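Colleague: One structure coming up, written as structure tokens, with questions to follow.
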Amino acid sequence: MTTEQQPRAQWLGRWGFVLAATGSAVGLGNIWKFPYMTGEHGGGAFVLVYLVCILAVGVPVMMTEIAFGRRGRGSPIDAVRRVVTESGRSSAWSLLGWMAMLCGFMILSFYVVVAGWSFSYLWKMLSGGLNGSGVDDMAAIFVANNENPFNLGFWSTLVTLVTMLIVGKGVQAGIEKSVSWMMPGMVIMLLILIGYGAFSGGFGEAWSFLFSFNTGSLSSEGMLAALGHAFFTLSLASGAILTYGSYLPEGASIGRTTFSVAIADTLVALMAGLAIFPIIFANGMSPEGGPGLLFMSLPLAFQAMPLGTLFGVLFFVMLSMAALTSSISMVEATVSWLVDNKGITRRTAAWGTGIVLWLVSTLAMLSFNLGADWTLGGRHFFDWLDYLTSRWMMPLGGLGMVLLAGFVLKSETFREELGLAPHWHVLWLFMVRYVSPLGIMVIFVDALGIARLQFGLHWPWLLAVLALITLIGELLSPRLRRTLAG
Ligand code: TRP
């Protein structure tokens, strides 16, 4: 192993970690999925539930992940192994690290295809390839874009190349340098687009679509969606945050940085809604979900507006940057593992990973054309990658992390690493022991299709179950009492 001798890279600037982690968190999920979900599930009421999920599940899991990374100073596999052996526990727990790393890689394999859509639409905007007069024309353009494997493959290959180019340059010269201009640039572009939307005449409608407090349309489905999205949008349990945390300097406060990332991520998601929907509503369109929103309705709306092409270009530049700052974080776990364990340079590691990624993502890309008939259990390869990662691997990985931190490892580890005031530490411990695991298990129950938990209607039951689990957990584990006493 080479890292044992070399000092591990660290973020250079005070904001290095926050910018990079926010870059990871802010992605297609924020700009595309969140605004639409909000409108669909009851506006302000959904936003409120989502915030609760971020606080109750997202923040504690993220803090735990960063603590693992900084304590173990390595890729997910090495960091988890070091932290568990420090507590005298079995190194078999490092399987969690393997799963996280694999999960990040699998997400990236389909993410580059979607990011490729964004790049190709940017090109279409610039080159005037989006001239059509109706939604049907736009749908046809979208289909044609996917139908040709060489076209679609070109764009996902480009995303892969740019990602590897940045990651290959290193933590400071590659990742930190690129996020330090891309993230502020993205926010400025979003603000400009909000301003543009504000003059379009659809702003009021967009505002009420997003924020009117409509509890009637908030179903248990919506709550489940909020929970799953809280996980996805913070890039949890896929190696990214843990690896970025392994470059965090000793003195930085994990609690404070986590809150900064969670708040920034949520703000960008809300801002994206305020940028997109005014333009959609001003043109009398409906806020549909799926690829249609960004790749059919929006281009059409831009076309109908003054200076639409200019702002359309701006929009797709912004979207492409959001995707890139996420994709670089997804391979960092794998690249850092290769560098630490295989004695190869970062550049070699990046290009090696890039080749494998290219092969897997090409298979995912083919789901849209040549491989349209290649399905298993009704899912294309692309859909399998999405399903396995978001429904199983991310929740399972998150669950493993919090249970490890809450029940298995020595409490000093996290007390030292998080450095929280005693009352905050107890709150964190309560969250990782009971609240986050319960929240995560709800995702499994749903994925298994065992039961639709009607917790929207019976939240007193949820509290009762939580209290019961807490009681049992505390009876079985005397450690919290010792923690409180010590
Ligand atoms: N958070 C990203 C988004 O909202 C998506 C994502 C999920 C991700 N898991 C990740 C990004 C892991 C980087 C690493 O679009």
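Heads up, the Cβ atoms here are built off N, Cα and C, so glycines get one too.
These came from TrEMBL, pasted as-is:
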- 12-32: transmembrane segment (TRANSMEM)
- 44-63: transmembrane segment (TRANSMEM)
- 95-119: transmembrane segment (TRANSMEM)
- 152-171: transmembrane segment (TRANSMEM)
- 183-203: transmembrane segment (TRANSMEM)
- 223-247: transmembrane segment (TRANSMEM)
- 259-281: transmembrane segment (TRANSMEM)
- 301-328: transmembrane segment (TRANSMEM)
- 349-372: transmembrane segment (TRANSMEM)
- 392-409: transmembrane segment (TRANSMEM)
- 430-451: transmembrane segment (TRANSMEM)
- 457-476: transmembrane segment (TRANSMEM)
Colleague: I'd like to know if the transmembrane segment (12-32) touches the transmembrane segment (392-409) in this structure, counting it as a touch only when three or more C-beta pairs sit under 8 Å and are separated by 6 or more positions.
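Modeller: Stretch pair does not touch.
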Colleague: Can you find at least 3 Cβ pairs under 8 Å between the transmembrane segment (349-372) and the transmembrane segment (95-119), where each pair is 6 or more residues apart in sequence?
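Modeller: Contact confirmed: at least 3 Cβ pairs fall under 8 Å.
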Colleague: Applying the under-8 angstroms CB criterion, which one of 12-32, 44-63, 95-119, 301-328, 430-451 scores highest with the transmembrane segment (223-247)?
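Modeller: The listed stretch sharing the most Cβ pairs with the transmembrane segment (223-247) is 44-63.
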Colleague: Going along the chain, which residues at least six beyond the ends of the transmembrane segment (12-32) come within the CB cut-off of under 8 Å?
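Modeller: For the transmembrane segment (12-32), the list is 111, 114-115, 118, 172, 175-176, 179-180, 182-183, 186, 229, 232-235, 240-241, 244-245, 247-248, 252, 257, 260-262, 264-265, 268-269, 272, 276, 293-294, 318-319, 322-323, 325-326, 328-330.
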Colleague: Do the transmembrane segment (430-451) and the transmembrane segment (259-281) come close, with at least three CB pairs under 8 A (pairs 6 or more apart in sequence)?
Modeller: no
Colleague: Counting Cβ pairs under 8 Å to the transmembrane segment (183-203), which of 95-119, 152-171, 259-281, 301-328, 457-476 comes out on top?
Modeller: 259-281
Colleague: Against which stretches of its own chain does the transmembrane segment (95-119) lie, if we need a Cβ under 8 Å and a gap of at least six residues from its ends?
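Modeller: Result: 27-28, 75-81, 145, 152, 155-156, 158-160, 163, 237-240, 242, 291, 294-295, 316, 319-320, 323-324, 326-327, 329-331, 333-334, 337, 353, 357, 360-361, 363-365, 368, 382, 385-386, 388-389, 393-394, 396-397, 400-401, 404.
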Colleague: Counting only pairs at least 6 apart in sequence, do the transmembrane segment (301-328) and the transmembrane segment (152-171) share 3+ Cβ pairs under 8 Å?
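Modeller: Yes, these stretches are in contact.
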